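Visitor: Okay, here's the structure, questions in a sec.
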2 protein chains.
Amino acid sequence: MRRICVDMDEVMADTLSEHLRRYNEAFDEAITPDDLQGRGLWEYAPENRRQQLRDFLDAEDFFEDLPLIDGAQEVLHKLSERFEIYIATQAMTVPNSLGPKFRWLQRHFSFIPPTNYVFCGNKSILLADYLIDDLPRNLQRFRGTGLLYSAPHNMNTTEYVRVNDWNEVAAYFASVED
Amino acid sequence: MRRICVDMDEVMADTLSEHLRRYNEAFDEAITPDDLQGRGLWEYAPENRRQQLRDFLDAEDFFEDLPLIDGAQEVLHKLSERFEIYIATQAMTVPNSLGPKFRWLQRHFSFIPPTNYVFCGNKSILLADYLIDDLPRNLQRFRGTGLLYSAPHNMNTTEYVRVNDWNEVAAYFASVED
């Protein structure tokens with residue numbers, strides 16, 4: 001059985017909408033994902049707001065209740081019949097996210113056993129056939145086949161096979177040997 | 001640079017002594033590691049105490065302040081000059097250990113960056129040249145070269161290269177190409 005690693009933030013969980021919600025509320029702004037084509041909120045925000053941007057992520061409740069990305073549950077559930085699914089999330093730069101991420105996965109993806117969760121930093125450590133991730137840096141370090149999951153910040157990246165949504169993920173793996 | 005993954009419990013951290021301390025205190029016993037040659041505390045304890053044994057591990061403070069295994073700091077510090085060191089610990093079966101394990105590593109192994117921590121379950125996910133681990137099951141799943149770190153429970157295992165202490169780990173890698 002071939003193995004697929006799946007990133008959490010902006011692939012399974014809509015981290016960006018929660019980050020924008022807190023940012024807009026704190027600074028009385030109305031930024032939407034459309035304002036962020038080709039750049040992250042980190043590049044968009046003025047430098048004197050970046051510490052606050054970081055503090056949002058460090059809050060104990062930030063990762064506790066993130067909305068799901070459309071289709072992630074259904075498509076992963078279906079793929080788990082044909083592939084080994086591992087969740088690989090860069091949690092070590094935000095240690096407060098460890099507990100919340102574990103609970104979020106249990107709540108929304110109970111069909112994936114916790115022994116298949118990988119909370120890591122550098123994703124070059126993953127031994128898998130595929131990695132679905134929104135960060136080009138993670139795909140670059142990965143030794144298998146990388147799929148770039150579309151997010152506003154990566155819209156100008158052209159180096160990887162791009163999947164725009166979970167329907168496209170399903171279509172990609174429909175033609176792949178398991 | 002070649003990569004070494006290192007397990008935490010019973011390799012870097014003396015988990016067994018804390019487990020025994022709590023067990024002996026709760027049941028008014030005086031079990032020592034010498035009583036556990038070739039078997040874990042799980043096999044040794046009568047069946048009606050196994051839930052309690054599990055509860056000890058689930059306590060929020062269990063992993064917070066474990067003693068160090070002799071030599072782990074010094075030898076890993078030295079090895080980190082020649083090898084990429086990753087910490088690979090099976091944390092997902094005890095989710096309360098996630099935060100404490102992170103803090104413990106930061107406190108005692110500050111020379112290893114958090115991006116090299118891997119909190120996982122099934123260790124077949126690790127892409128590395130070596131894995132130092134006390135559990136034969138983990139070495140069996142690992143695709144690189146496994147080193148069995150001696151612990152009372154694994155004394156009868158003969159399938160792997162055995163290292164009895166951190167001096168033997170240092171000696172092993174002294175003759176290995178980096």
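Placement of Cβ uses the backbone N, Cα and C atoms for every residue, glycine included.
Keep in mind that TrEMBL annotations are predicted by a computer and have not been checked by a curator.
Here's the feature list from TrEMBL:
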type	residues	note
ACT_SITE	A:Asp7	active site, nucleophile
ACT_SITE	A:Asp9	active site, proton donor
Visitor: Looking only at DSSP and grouping its letters into three states, which state does A:Asp7 (active site, nucleophile) belong to?
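Guide: Where A:Asp7 (active site, nucleophile) sits, the three-state DSSP reduction gives coil.
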Visitor: When a 10 Å sphere is centred on the Cβ of A:Asp7 (active site, nucleophile), how many other Cβ atoms does it contain?
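Guide: So the Cβ neighbour count for A:Asp7 (active site, nucleophile) comes to 22.
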Visitor: Near A:Asp9 (active site, proton donor), which residues of its own chain have a C-beta under 8 A away, given they sit six or more steps off in sequence?
Guide: A:Thr15, A:Thr89, A:Gln90, A:Asp134
